[in-house]
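The transmembrane segment annotation in TrEMBL covers 69-96, 102-122, 134-158, 195-214, 226-243, 263-282, 294-320, 340-363, 393-410, 416-434, 518-538, 544-564. Marked as domain 'Cationic amino acid transporter C-terminal' by TrEMBL: 519-569.
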Amino acid sequence: MTTNERRRLNPFLRKPIWACIAEEDQQLSNEENSYFQDDSPNEEHVRPICDNRSSVSIQTSLPKRHLTLFDLVSICVGGTIGSGIFVLNGLIAHSYAGPAVFLSWIISGFAALLSGCCYAELSGRIPSTGSSYAYAFVALGELPAFLAAGMLSLEFLLSGSAVARSWGDKVVEWARVQLSASDRVIHLLQPGYNVNPMACLVSILATILVTMGIKESKIVTDFFTWIKVSLVLFMTIGGYLLFNADNVTPIIPPEFGVSGVLHGAMSSFFGYLGFDAVCCVAGEAINAERNVPLSIMITLGFVTSLYVSASLALVGMQNYTEISSESGYPVAFHANGVEWASQLTAAGEVITLPVVVLVSLVMQPRLQHALAKDGLLPPMFGDVDSNGNPRKGALFAGVVMTVFATVLPFEHLDDFISAGILVAFTMTNCSLIIMRRQSPESNPSLLGKLLARFNILSFATCLILSHGLHVIAGYVVSALLGVLSIHTVVTMWQQCPQSSSFGGTTTNKAKSEDDKNYFTTPFVPAIPCLGIFVNYILVCRLSFFGIGLVMLYTLLLVLSYFIYGANHSVGRREGWTRRQYSSIGVLDESNSLELNGFSIHAIT
C-alpha cells in the first residue's frame, strides 16, 4: 500500500485530493477576476476534474476579486496596530526594559516573522478563505482544522469584542479627562452593571458596515487605518523633536537588565497579533497567490519599523521612570508642555481604534462561510448574496460581538484569547512542515511522529523554563528537554526529505520547479519549529487560568465537532474523493494541477 493510499483511508491525517481551480484574469484593470467555490452539486454549473484514479465535481461561482495589494496591506495593518502601540510602549518602558524598549520590539518582531513566514507561504500556495482553518484542513485533517477555526474565532470574534469594550472605556476616560464632561454625561456613557453603551454602539456600526459588503467595509478600513498610521507618525516625529539624550542613558537600566528586555519582548509580541487576518479574505484578493503573502511581509516590516521608531520617540521625550503605563504618549507630551499634542494623541486613539473592531468582524463571517461549505457549520453560514457577501453570517457574528462587547467583562479573558491565537499560529506552522516535508516510503508515519514529539518536548521545555527554574533540577530538566527538541528537528531534517511538489510525494527532485513563483519559507522545518517554540514560550508565560480555559474550550470544540460536524461533514457524507475543499491550487498552462501526489486535469 502506498503512502497516498494510506492517506485516502484516514481523513484525519490529510485529505486525499484537495483541488479547487483559481482562475486569474491577468488584465487586472477590469477587475473581473474570479474564483471557484464549493457547493452542493448542480449539473448546470458542474465542471469535472479527473485523473486516472478519481474524479471531483466542482460547482463554479464568479464573484469579482476586488481587494488590491493596498487594500490587503490596509487590512493587515488595521488589524495589527491597535491599542498595543499606545499602551504597550509605555508599559514596557516603565516596567520592563526602560529605554531598551525598542530592543524588545525588534526581538518580538523577529519572533512574529517566524510564524509570518509560514502564513505568507501557505497563503500564497492556498489563497483561500479560512486562514489557519484552510491550511490545517489540507495538512492535518478535518478535526484539527475545526479546532483551528475555533481558535481563530477567539481572535476575530472574542478579541474584537474585547477591543470594542476597551474602546468604550477609553471614550469614557477621554470624556472625563480631556473634555471635562459632566457627571450626567459620564453616567450615560458608563451606567454601571457591566454595561458598556459605547462598545455596543461601535459594534452595531461595524455590523452595519460588514453586512453592506466588504467593498464598503474596505473603504472605511483603508481610511481609518492610514489615519491611525498618520497618528503614529505624528507621535514619533513629535517625540524626536522633543528628544532628550539624557533620557535614554543607560540604554538598559541595571534594575531591568537583559531579562527585562526579554520580558518586554514577550509582552510586546501581542502587539503583532492580527497580521494573519488578511488570510481570511484571500478568496477576494486580486492575484492572491502573490499579493496576500506580500501584504503579510510588508505589514510585518512596516509595523516593526513603526513600533521601534515610536518607542524610541517615547523614551526620548520622558524618562522611563516617569512614563505612564496606561497613557504614555499623551502624558509625555503633557510633561513637555505641548498640551495640544497631548489632546490630539488621546483623541486619535479613540478615533482610530474602531478599525480593529471592523477588521475582526469582516473576518469572522468568512471563516464561518468556509466551515459551512465543508458541512461543519449549518448551511445558513454558507449563504452569500449576489455580490458574494456572507450577509447572514455577518449579521450573526455582529450580534454575538455586540452582546459580548456590551455586557461581558474581559479582565480575566485576555490570556484565554492570547493562548488560543498562539495555538492557531502553532497549527499553521505544523501545516507548513507537513506540506513541505515528506516521510520516507519505508516509514510513512515518521514525519507525523517527529512533529508530535517536537510539540510535546517544546511545550514541556517552555513550561519548565517559565515555572520550574526555582530549583537546580529545573535547569537540568529544561536543558535536557531542549536538547531532545533540537535533536528531533535535526532528525526531521535528515530523515524526512523535502517534497518534490508542495504537499506532494518525494522524487529525486530536491525542489519543485514552480517554487520560484511563490514565497518560500527558508530552512523548513527549522524556521516553523522555532516559531512553534516561541509560541509555546508565550503560552507558558500566560496565567494557568487562561491556559485552563483554552483546554476546556478545546474539549467543547471536540464535542461540538462530533455532535454536529462529523455528522454533516461533506467529505464524510459524499466521500473525500468527490469534493473539493477550502484549498486552492492554480492551474498551469496545460490545465493540470499537481496536488498531494495526484495529477489532476481540468476537462473544459
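For all residues, glycine too, the Cβ spot is worked out from N, Cα and C.
Bear in mind that TrEMBL entries carry predicted annotations, made automatically and left uncurated.
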For the domain 'Cationic amino acid transporter C-terminal' (519-569), the mean pLDDT of the predicted model: 93
Top Cβ-contact partner of the transmembrane segment (226-243) among 69-96, 134-158, 393-410, 518-538 (pairs under 8 Å): 69-96
Leading stretch by Cβ pairs under 8 Å, where the reference is the transmembrane segment (195-214) and the options are 69-96, 294-320, 340-363, 393-410: 393-410
Stretch among 102-122, 134-158, 263-282, 518-538 sharing the most Cβ pairs under 8 Å with the transmembrane segment (393-410): 134-158
Result, the transmembrane segment (518-538) in contact with the transmembrane segment (102-122) (3+ CB pairs under 8 Å): yes
Seg_contact(the transmembrane segment (416-434), the transmembrane segment (134-158)) with at least 3 CB pairs under 8 angstroms, min sep 6: yes
CB contact flag for the transmembrane segment (294-320) and the transmembrane segment (340-363), at least three pairs under 8 A: no
Stretch in 69-96, 134-158, 263-282, 340-363 most in contact with the transmembrane segment (544-564), if contact is a CB pair under 8 A: 134-158
Chain residues in Cβ proximity to the transmembrane segment (69-96) (below 8 Å; excluding those fewer than six residues from its ends, i.e. six or more beyond): 104, 163, 166, 170, 218, 221-222, 224-226, 228-229, 232, 256, 260-261, 263-264, 267-268, 270-275, 277-278, 281, 285-286, 291-292, 294-296, 298-299, 302-303, 306-307, 310-311, 314-315, 320-321, 323-329, 331, 349, 353, 355-356, 358-360, 362-363
Intrachain residues whose Cβ lies under 8 Å of the transmembrane segment (263-282), provided they are six or more past its termini: 67, 72, 75-76, 79-82, 84-85, 88, 91-92, 96-97, 100-101, 103-105, 107-109, 111-112, 115-116, 119, 122-123, 127-132, 134, 152, 155-156, 159, 214, 288, 292, 295-296, 299-300, 303, 307, 356, 359-360, 362-363, 366-367, 418, 421, 424-425, 428, 534, 537-538, 541
Outside the transmembrane segment (134-158), six or more residues from its ends: residues with CB under 8 Å to it: 10-15, 18, 122, 126, 128, 273-274, 276-277, 279-280, 360-361, 363-364, 367, 370-371, 374, 376, 397, 400-401, 404, 413, 416-417, 420-421, 423-424, 427-428, 430-432, 434-435, 503, 553-554, 557-558, 561, 565, 569, 571, 581-583, 596
